[in-house]
Amino acid sequence: MSSERRPELEETAVDPATGSAASRKFSIVQDAVETTIVAPTNHGPSPRFSTLVRNLFEPLVNLSAVVAALRKKPTEAKAHIASQFIKGWVEEVGKDIYPAFRLILPDKDRERAVYGLKEKALGRLWVKVLNLAKDSPDAKALSEWKQGGNESAGNFSKRCYEVLSKRTSLTDYGHMTVDEVNERLDLLADGETDQAKQIEILTYFYKHMNATELKWLVNIILRQMKMNATEKVFFEPWHPDAESLFNVTASLKRVCWELTDPTKRLTSAEAQVSLFACFMPQIAAFPKYSGQDIAGKHFKGRPFYIEEKIDGERMQMHMSEYGNKFHWWSRRSKDFTETYGNSLDDASGSLTKRLRGIINPKVRNCVLDGEMVAYDPATKKIIPFGTLRTANRNEQNDLNLTKPMFMVFDILLLNDKPLVDYTLAERKRTLRTIFARTDNETVGQEGVLEVLPYTEATTAAEIETCMRKIIAESSEGLVIKDPTSVYRVNTRDDSWLKMKPEYMSEFGEKLDVVIIGGYYGSGKRGSILSSYLCGLRADGSDQFWSFFKVGGGLTAGDYQAIRTKTEGKWKRWDKNDKPKNVLLAGPNGDLERPDVWIEPSDSVVVEVKAASVVASDQYKVGLCLRFPRFRALRLDKTWEDGLTISQFAELRQTVEMEAENKELELEDRKRRNAGPGRGAKRLKLANVSSDEDELGTDERPTSVFKATSFAVLSDMSSPRYMSKAAVENLIKKHGGTVFQTVEGPHTIPVADTRTIKVQALTKRVHGVDVIRPNWLLDCINEEKLVALEPRNLLESSAETLALAKTNVDEFGDSYTRPLTYKEMQEVLRFMDQFDLDQTNPPDLMMEVLETNDGAVPKGMLFYGKKVYMSTSNMDTVALETQFRAYDALRCLQFGGANLVTDMKDLVVAVAKTEEEAKELRRVSSEQVFPFRVVSIKWVEESWKNGTVEIEDDYPL
């Protein structure tokens, strides 16, 4: 096979209506030599579309029956089905299998334009085709396709089948051929914006296909075949080099038309990345290890490269003839040449005209791999990916507008020489030589085309240092690469690993928990359990309390193993007949209720890890795991080996102590690095105690709580976190008695959050006073029982609250004890606001006073969330920003936010300006657990929408 046929340049127009010769050939060009590739000629007529449905699609979906009949493994059964179909096609139709492959692998077909139809739009079209009333059950079934308890929930094509099978006039398969279906689909793609044309085409399909055929037609239009088979299943029986050619050309047509003889193999040159042939790029895998283990276990002390993970669009650049020809493709093989330019002289392109003089004049041709980003010339920063489309449209002569910039991290071809088999280290060295400007730190030209910098490292500490740097710069994450690896097209393996900040702060222990419930998924998982409810065992009992849901990290093999072990043991959740051994949260015991549940004794133990543990009223334990990930199925353990509530509490205390030790080590490093005389001096105020005093950490026992009984009902969240067990130990250390339940009127309930126990207590005992743990710290610091203040009350009677208010002035300043430094800052801040409030009463304050009929009152919108927002240097910002900042601060206060001045254990910081945001990100990067930095708009949008918005959506 001639090497001249490698790179595809352009294809002649296709006329699906006439089937003219123009659709039977296309040209490829290399070094000015044009070769025309002609489609093979079939000797038989186009078969019916039903042939694909009956002989391929349905057998692959109902694989278990085929496996049983053939007595083969599932992978062998898939290969058998595909090879038999291909063999039959070649014998009965001919060697041009492209018409069939377009329908079998619609997501790989670059020749057909997009339909512009997803599930929602397609559902509306079917409603019109079937002439359904909008409020009819079937119309609702199509629009609400993810809902319902039947098998079709989450599977749009199955939902369409249920609706269409009631109405279609055809009970047997239709007579439409493969060619006819392709022609109509081409027309549907051409009529992307013409709804009348779309309805006409779908109506034709409806009249000429039965419900099963229509189900598969829907999958083809959505380009989601849902038949549990990748392109490899079909490529292997077609030609031994089919996958290799597709990986370096991304062309289904070339695979079908060039590889018609399985005995003729590709040369090594033809299987290489080549000019103007879109290849499938290598992508980074998720790590199996933590940062510590990546350095130690994965690389075993060998060097590795650390790159910043760029927030952009993966792009490959092909250049030839010293810049006279360019071609650009995305990761999904979408052609962006018209957008970015086809030559250095292309005035309409948004990038190539700016590349003149950047690429070394000795470079005749090259293929580069990188990330296309949006660049702001004013700030000289890369800005969020969502702005890239706007940057592409901006007028290039306006220097103040955002523009696309190409961040290059790999080179795969240089002056006709493929480099994919060279090591990454060799490719990196080559990459630096192809750009004319290498006289400063930036290789390439800033704002136009740059080579992505990298750091060579060998230790986990270097990974953590880089991670903290990208947190400070509000970047996306890191990519860690093996410098000895070759480039592997269309591969995701551990030679490239991607890490995000969340992966760095895992809850340090593996947890063995029991699955107690399951949830059905959507899409591919519509008919199977895609996530599981896990629980902790109540000590000395066979009851399990709900703890968290997990779905991440499970492979197809894991799902299958769990299904095998639990088959036939699942039961539908019945709110009127709840299980005795599976307990959920909520007054009615139905929060986070699963679709199905299982007796713990019939279930399995799974090993999970998570980013952190957070308080949650949604789960019976009162806590849940943040970002849990499945690690392993523990078939060596039974339900009795599952983690108990008390075991988890002990484990959590150990983890917290390790985190505190790590923080102390970090502080020691900072002090050592600061040098003598560099530490900031502490200001001591009259009637103000230190922050250390506030924490009540004095090791000297006292008898301050002698003859006093407490029942601790939750962890302490402010002024710092302390577990329930730690609070109980603190009480005992200072002479108090601890009960696990409220034993009569002389037992003081203590809690910082409204857990299930607190809610049950307030329902059972009207007007009960629930004291916050900060009162315990006040008493220990003063070495006596101090008067209650409003800040000490979680729940109270009107009388207790009125009495507590008499112990502070109108600004919250205590009459009975010295304030801590933090409290004094809060009082001063409130006093400043008090004068402003008298003259400019904001609408938001009045809004808080109104009755809220939503699920979450605005008075609790930010409840429990630790937020930092400074009002210093307000006179240096614009007047409008000042008003917005004060309004945002009031929203946080009235919404129950825990406003703090210390960055320790912070969750989110609100910045007024970009300069402040930059400084906050720097501080965040130095914390053991980094916090999020958001703009004022995060507060405004959360308040307006009545829900706390995702912080990552509001950067500054």
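Residue positions begin at 1 at the first shown residue.
Glycine residues also receive a Cβ, built from the backbone N, Cα and C atoms like all the rest.
Positions annotated as active site, N6-AMP-lysine intermediate by Swiss-Prot, on the basis of similarity to another entry: K309. Take the CB of K309 (active site, N6-AMP-lysine intermediate) and look out to 10 A: across all protein chains shown you find 18 other CB atoms.
Taking the Cβ of E476 (ATP binding site) as centre and 10 Å as the limit, one finds 17 other Cβ atoms among all the protein chains shown. Look at Swiss-Prot and you will find E307, K309, I310, R314, E371, F409, E476, K481, K498, K500 tagged as ATP binding site.
The Mg(2+) 1 binding site feature in Swiss-Prot is assigned to E371. Every protein chain considered, the tally of other Cβ atoms within 10 Å of the Cβ of E371 (ATP binding site) stands at 21. In the three-state DSSP classification, E371 (ATP binding site) falls within a strand.
Per Swiss-Prot, the feature Mg(2+) 2 binding site maps to E476; the stated evidence is sequence analysis.
Annotation source Swiss-Prot lists domain 'BRCT 1' at 700-793, citing sequence analysis. Confidence across the domain 'BRCT 1' (700-793), taken as the mean pLDDT and rounded to a whole number, stands at 86.
Residues or ranges marked as domain 'BRCT 2' by Swiss-Prot on the basis of sequence analysis: 857-956.
The CA atom of E476 (ATP binding site) is located 6 Å away from the CA atom of K309 (active site, N6-AMP-lysine intermediate). Rounded to a whole number, the C-alpha distance linking K309 (active site, N6-AMP-lysine intermediate) with K498 (ATP binding site) is 8 angstrom. A strand conformation is recorded for K498 (ATP binding site) in the three-state DSSP classification. Note: K498 (ATP binding site) has non-local neighbours A284, A285, F286, P287, K309, G477, L478, V479, I480, i.e. same-chain residues 6+ apart with C-beta under 8 A of its own C-beta. Residue counts for the domain 'BRCT 1' (700-793) under DSSP (helix as H, G, I; strand as E, B; rest coil) come to 31 helix, 16 strand, 47 coil. Around E307 (ATP binding site), the C-beta neighbours below 8 angstroms that are at least 6 residues distant in the chain are F409, L452, P453, Y454, T455, L478, V479, I480, K481. According to DSSP, the domain 'BRCT 2' (857-956) comprises 47 helix, 13 strand, 40 coil. Cβ environment of I310 (ATP binding site): E371, V373, I382, M407, L452, S475, E476 lie under 8 Å away, each six or more residues apart in the same chain. Here ATP is bound by E307, K309, I310, R314, E371, F409, E476, K481, K498, K500 per the record. The longest Cα to Cα distance in that group is 19 Å.
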